[in-house]
Each structure stands twice: as structure tokens, then as C-alpha cells.
Amino acid sequence: MTYTSPIPQLGLGTFGRTGDAGIQAILSAIEVGYRHIDTAQSYDTEGCVGEAIRRSGLPRSEFFVTTKVADTNLSKVDFLPSVEKSLETIGIDQVDLLLIHWPSQNDAVPFDDYMLALAEARQRGWTRHIGVSNFPIALLDKAFALLGEDAVITDQVEIHPYLQAPRLVSHCRSKGLVLTAYQPLCKGAVNDDPLLKAIAKSHGVTAAAVALAFLMAEGHAVIPASSSIENLKNNFASQDVNLTADEISRIRTLDRSARHINPAKSPRWDD
Ligand SMILES: NC(=O)c1ccc[n+]([C@@H]2O[C@H](COP(=O)([O-])OP(=O)(O)OC[C@H]3O[C@@H](n4cnc5c(N)ncnc54)[C@H](OP(=O)(O)O)[C@@H]3O)[C@@H](O)[C@H]2O)c1
């Protein structure tokens, strides 16, 4: 599947990469070659991302930085000041992608309020692109109706070989919307999968790299996290793995709707 999104297809997750150890992990990833870095207001890693970018000595223009507005900052009063604060914390004038992290639970904040504030952040030049996270089909369609079908460039959702989200994927493909797969390694569990291990062996890579290559072959962006140089390198190598059509079909059979991130504030999922 041809990938044409402005979002670099392989990125780095930063959840849990806080403090000096977090800065070091992000810097190591930059040295390995990662340029798309995913953070969020709620991760406490925005500052680490900014610091790692500065310490790398590379120009800001080399990077694609995503952050997310927390569900506690969705109200009209809090939204835009929270984005200004994110920019200040990261130490940049503009992010590349700004996402709504979670939709407002039970419409506590009206949908139009926070989606229009997201569009306003882009209009002000605080982000190049906008998107959403943890949005099911019904909310995506509401967003398309409000802002137009080209406004939102991704929905960042849990997707890995054990949760392939076929309904959501099919709908997004029909709309030309790229999904960003979070927790793509199922927290590392994919590395113990017998099928992925067997395919990995024939390609001379890790099972994790096969999982990432599979998700990218399905047309998704992926944002695995790691603090280990070895894992960072192995995951980065997924970009050079070309799976056969038969391998892709076999990995598709691993789907078992196994969702791990499902807090009380979750919307009604499609898969
Ligand atoms: N939008 C949302 O609501 C949302 C929710 C969850 C996550 N996210 C984003 O998605 C990113 C990724 O998700 P995640 O961090 O939860 O899970 P993940 O990327 O699936 O897994 C990360 C874990 O897997 C291990 N790992 C990484 N590479 C490995 C490899 N090659 N072999 C074995 N183990 C490996 C890491 O340990 P080591 O450090 O030891 O390598 C780490 O503990 C997050 O960091 C965050 O940016 C977004």
C-alpha cells in the first residue's frame, strides 16, 4: 500500500520516558535515526523531547513533533492556553501535529468546542497539522462533517497484530485517513509470538520488526517506544523489511480484538 501521509511512517513513542533517563532514551533514538517523535501533555515528556532535540544539535526542521491536548484541557477556557504551554515546554514555536488525546467523556465538553479550538490552533500557526486520537468511526465522521474531510490527518489508536481494528481500518481507508498505531508492539509481547518469530527468522530480523513492518504494510504509521539502543535499532530496521503477500495474510490471522488501553473514559470502540 503506497504511503503518502506527511507523518513519517515510523516514529518514536515517549510514554514513560521522563527525566534524564527519558532525555537520554530520546537522544539515543535520534542518533539511531528517528525523526518523528510522539509526546503528549499528559506524559510529562514534552520537555524531554525538546531537550533531546536541542542536545542532538540537529535543526528543528529535521523533526516531526506530535503532541496531544489532554482531555482535562478540552474546555474553551483551557484548550488554547494549554497548547501555548506545550510549545513553551517543548521549546518550539510550532508542533508538526496536534491531536485531541481523548474525546470528551459523555460530551462533558461539547464536541464542536474542542474540535474548533483544534482548528484554531492550526490557524494561529501553532501546529502544521491536526488530528485526533482514540476516536471511533462515529466521532471521526462528526469531525469530517464539522471541519471537512481533509482537515484531520490521522487518528492515533491502539493497533498491533492482536488488535487489527478491521472496521475502523476499513472506514479510514475509504476516507483516505491514515491511522497511527500506538502500542504497536503490544508492550513487547509480539516478540514472543511463534508466527512472527518464524517470519522474522527468514528475514534475519526480530519479531518486533516484523510486527512493525506488517503495520506499515497495512498503511499505518507506527510509534513504538523503547529506551534500549538494541531495541531502538531493531525497531528502526523494520523499515527495510519487505513482507510477502502470504506473510501479510498469515499475520492478519493473529487478530483477536485484544485491546489493552480501555479506561473508563473510552468511547464505544468499533472493534
Ligand atoms: N494516544 C494514546 O492514547 C496512546 C496510548 C498509549 C500509547 N501511546 C503512544 O504510543 C507509544 C507506544 O506505546 P507503548 O509505549 O505503550 O507500547 P509499545 O511501543 O508497544 O511497547 C513499548 C515497550 O516494549 C518494549 N520494546 C520496545 N521494542 C522492543 C523490542 N524490539 N523487543 C522487545 N521489547 C521491546 C519497550 O521496552 P524497552 O524500553 O526495554 O525496549 C517498552 O517497554 C507510547 O510511547 C505513546 O507515545 C499513545
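Using N, Cα and C of the backbone, Cβ positions are placed for all residues, glycine too.
Bear in mind that TrEMBL entries carry predicted annotations, made automatically and left uncurated.
Listed in TrEMBL for this protein:
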- Tyr43: active site, proton donor (ACT_SITE)
- His101: substrate binding site (BINDING)
- 20-255: domain 'NADP-dependent oxidoreductase' (DOMAIN)
- Lys68: site 'Lowers pKa of active site Tyr' (SITE)
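Geometry remark: Lys68 (site 'Lowers pKa of active site Tyr') versus His101 (substrate binding site), CA distance 5 Å. The DSSP secondary structure for the residue listed as 'substrate binding site' is coil.
A simple Cβ count within 10 Å picks out one of the recorded positions Lys68, His101 as the most packed, and that one is Lys68. Taking Cβ-Cβ distances under 8 Å and a sequence gap of 6 or more within the same chain, the neighbours of Tyr43 (active site, proton donor) are Thr14, Phe15, Gly16, Thr18. Computed over the domain 'NADP-dependent oxidoreductase' (20-255), the whole-number mean pLDDT of the model equals 98.
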